[in-house]
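Features as listed in Swiss-Prot:
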ACT_SITE  His33  active site, proton donor
BINDING   26-33, 144-147, Val173, 181-184  ATP binding site
BINDING   Gln57, Gln150  (R)-pantoate binding site
BINDING   Gln57  beta-alanine binding site
Amino acid sequence: MKVISSIQELRDQLRGQNRVAFVPTMGNLHEGHLSLMRLARQHGDPVVASIFVNRLQFGPNEDFDKYPRTLQDDIEKLQSEGVYVLFAPTERDMYPEPQEYRVDPPHDLGDILEGEFRPGFFKGVCTVVMKLFTAAQPRVAVFGKKDYQQLMIVRRMVHQFALPIEIVPAETVRAEDGLALSSRNRYLTEAERAEAPMLYRTLHDVRDTVLGSDRAATRLATVEADACATLAQRGWKPDYVSIRKRSNLQAPTPEEFAAGEPLVVLTAAKLGATRLIDNLEI
């Protein structure tokens, strides 16, 4: 596996490869990331991964400086998965001058849910993903469904810019107790780690309530509020539990809900100092 930091060197290395499968990451790789590499191999060849902790998507009070950086360990894991190239640029490689041009997602998708609680987050995500796409020029890119809103935003960006890239969604990988694998799980204390699966169980409770309800009579706002209250009673600080349409992440109208619109429930909540996100399709 070649480890490359320069955009030009990456382009030179991939010249003539017409079915690159690309997996962008921020490193500190776990089994969830490695499952993306395996899925990428099913859709293209060669597989190219990137590791870059992107300052543009971190807010002023977020964990950019303490975000775990484990490059050597990550390299060994990617080698074991048969990845062809790892693109691991420095900040200077990616942003040799101030990044004055940004990709700003539409407000109806970028300023809700995560975008409401992390202003500017998706602008940073879209900007770096677009730059990574222009560097690697893939035909396939794999994104995990754990970051459901990010997946939707990237998919729409690719469509509206007419990029010749197939976006492949990957199912969330979970621990045996249901907790979605995340690099931020390492911040949890032992007691918090024991409590953390409650987030996924709460999503299941919401799904069961919706599926078992009379859709014509059920108020989704009440279901969402009850789920937030359940988490709060257990010591969580929920930002949201929100039931949305899978198609565009807008709230369903009562008529759409009653007609059986495909839905997804998304959540973000703090447990101690650690903010976790998760989702479940209904």
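The backbone N, Cα and C atoms fix where each Cβ goes, and this holds for glycine too.
Because the structure is a prediction, the values reported are computed rather than measured.
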Say you check the Cα of Val173 (ATP binding site) against those of the recorded positions His33, Gln57, Gln150; which is nearest?
His33
List nothing but the one residue from Gln57, Gln150, Ser183 whose Cβ has the fewest other Cβ atoms within 10 Å; the candidates are the binding-site residues.
Ser183
If one measures from the C-alpha of Gln150 ((R)-pantoate binding site) to the C-alpha of Met26 (ATP binding site), what distance in angstrom results, rounded to a whole number?
14
Is Val173 (ATP binding site) helix, strand or coil when read with DSSP?
coil
